[in-house]
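Trainee: Structure provided below as structure tokens; questions to follow.
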Amino acid sequence: MSEFPPDPSAAPEPVQDVVPLKILFVDDEPDLQPLIRQKFRRSVRKGDLDLSFAEDGVAALEALAADPDIEVIVTDLNMPRMDGLTLLGRLAEMDRRHKAVVVTAYGDMENIRTAMNKGAFDFLTKPIDMDDLQITIQQARRAVETEREADRVRLALGMYLSSEVAQAILDNPGALALEGEMRVVSVLMSDLSGFSRISEELDAPRVVELLNVYLSAMTDVVDEYGGTVDEFIGDAVLAIFGAPFEQEDHADRAVACAIAMQARMDEVNEVMKEKGLPHLEMTAAVNSGEVVVGSIGSQKRAKYGVVGSPVNLTARIQSQAAPGEVLISEATRGSVQANLTLAETREAGLKGFSENIALHSVTAIDGEHAFALTQTEVHYRALGEPLAFDYVRLDGKRIDSESAPGRLVRLSERGGEAVTEQALEPHTDLRMTFTLPGQSEATEVYAKALSAEPDPSSGGTRVQMRFTAVPESVGEALNALVPESA
């Protein structure tokens, strides 16, 4: 299969961005190198091939260390210092892609069998037939290009699926049901507390920088627990466990993942501090149930997704969570195989659901996916003088009440304690408005009521709350209201 000179009358072919195939020839015969260079000179000039040479296995390893892009190695078996079989063994230990072709004497079946068992791609017999060599190199090129394409597909899939799922799809495309099916899964949703406020105070590039740090960290955690990120909804993460591939322990994985995501926020906030970005807090929820999973969209644009009432319920449960909290549904609690540690169980009336829903606040899970949140004691410090404020109750982002008065009497690291004239239910979302001493403009702070009990001394309600979005300057001003002796 010899190379022919191009036809001068033929139209020039369009220039393509060709990645040269890098080949390393390993042989101690000095006459072989000029023959190979002569045989493949046109392919080298065209940029199709990039040839290099080594006289034995030791020199070959040095060449491979210097050039990680060498993908095909053609090696003799009988060489000084390091023979070809030893070289094959060393190649198998290297974490790199390559195709090795061995050259041996005709009829040497024992060495050929050993070489193939060590991972050789093909073999040639001596004396080398240059046409056979060219055919073998063409086959090696096709194999390398197939692997390159698989890498590109794997990289593209990896942007939407975990690396484990992406590899499984490449290994067995038929295992992934894209046409749509009913499946019992666990759905995880997380969301940044007070992100709307944060996004209003930062420039757009800084918002993107913040989101990329946060979402990258959360995606890594989802991958660690075998989940699939279904989509990012602004600052929210929607992940599914039990699809596209079935997982018997999908509920355990999802709950452990949510707990681990909360724990990972410490690392996220270290990065935020280094970059001069705001401190972040997150809420998370898990619900389990039967949903429709599959490829959703059109022929032009589609995604692997999940739809159904359990997804909607997950979002409703997540809206009830306090910053730093993981809430799970009764369905998830019943599906988890491991033991759970619960901080509390409460009921909530959720929009779109006729009956109250039991919500469980989880702090730890044992078993194969064991993980526990570090519990810190909340310390309250009394203000020198109570800070008067007005507040409204919120339903999502919608104001759900008339303005009412209250007094902030104590501060904690991330919240405070207040007394309100009107009764408040625990886990109510609030928007507080107050004017700090020495300032003329009112300040807004968002909070979630953690507990609410009657206050006999005032006839109102004593509320312990967690702030969900406090600008750093406001936090410093509030702390200044606490006497140094407190």
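Yeah, the Cβs are placed from backbone N, Cα and C, and that goes for glycine too.
Feature annotation from TrEMBL assigns domain 'Response regulatory' to 22-141. Feature annotation from TrEMBL assigns 4-aspartylphosphate to ASP76. Residues or ranges marked as domain 'Guanylate cyclase' in TrEMBL: 186-318.
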Trainee: If you average per-residue pLDDT over the domain 'Guanylate cyclase' (186-318), what number do you get?
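Mentor: Averaged over the domain 'Guanylate cyclase' (186-318), per-residue pLDDT gives 91.
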Trainee: May I ask which residues of the same chain, at least 6 positions away in sequence, place their Cβ under 8 angstroms from the Cβ of ASP76 (4-aspartylphosphate)?
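Mentor: Non-local contacts for ASP76 (4-aspartylphosphate): VAL26, ASP27, ASP28, GLU29, GLY84, VAL102, VAL103, THR104.
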Trainee: DSSP-wise, what's the residue breakdown of the domain 'Guanylate cyclase' (186-318) into helix, strand and coil?
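Mentor: The composition, in the requested order, is 63 helix, 41 strand, 29 coil.
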Trainee: With DSSP as the yardstick, break the domain 'Response regulatory' (22-141) down into helix, strand and coil residue counts.
Mentor: 55 helix, 28 strand, 37 coil
